[in-house]
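Colleague: Before we start, here is the structure in question, set down as structure tokens.
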Amino acid sequence: MVKVSPDEDQDSQIQGIVSAVHQSGAAGLIVGNTTKRRDNLLPPPQETKLPVAERRSLAEQGGFSGPAMFGRTLDLVGRYRRELDARSLAEGAERKVIFATGGICSGEEVVKVLNAGASVAMVYTGLVYGGAGTVTRIKAEMKAAGGT
């Protein structure tokens with residue numbers, strides 16, 4: 001597996017990464033999580049539920065992750081899935097897997113990344129904030145959202 005930064009989001013970068021994954025024989029990609037960028041991470045204030053401390057961290061340097069990353073993760077999963085599948089089809093190669101990570105905190109979000117092409121949804125921040133019952137909650141939310 002090759003982990004890629006969400007900051008590598010230009011079409012030429014995605015195509016180059018997909019090419020390297022196929023040439024190397026890697027099983028697939030881990031898409032998302034920590035970004036150095038702070039632009040376009042937050043929806044309008046009336047639509048966000050970020051804790052004050054997390055809002056403050058948007059002004060800091062270094063890697064950023066958490067719920068604000070979800071939109072970028074979802075977008076990148078879809079883009080990588082299209083590129084990986086096109087390359088696999090063109091080469092007659094096995095389909096590559098995608099592990100999605102970055103801002104996934106609910107069952108609805110798990111269903112969205114799986115529908116976008118992820119093979120696996122990874123959850124960390126949701127566990128930190130939600131505690132031991134997080135997996136049970138996410139499973140129930142997935143069922144309610146129409147996931148498996």
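Each Cβ is built from the backbone N, Cα and C atoms, and glycine gets one as well.
Just so you know, TrEMBL annotations never went through curation; they're auto-generated.
Sequence annotations record features per position, and here TrEMBL assigns domain 'Dihydroorotate dehydrogenase catalytic' to 1-144.
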Colleague: Within the domain 'Dihydroorotate dehydrogenase catalytic' (1-144), how many residues are helix, strand or coil going by DSSP?
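Modeller: Across the domain 'Dihydroorotate dehydrogenase catalytic' (1-144), the residues distribute as 78 helix, 17 strand, 49 coil.
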Colleague: Given the model, what does the mean pLDDT over the domain 'Dihydroorotate dehydrogenase catalytic' (1-144) come out as?
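Modeller: Overall, the domain 'Dihydroorotate dehydrogenase catalytic' (1-144) comes to a mean pLDDT of 87.
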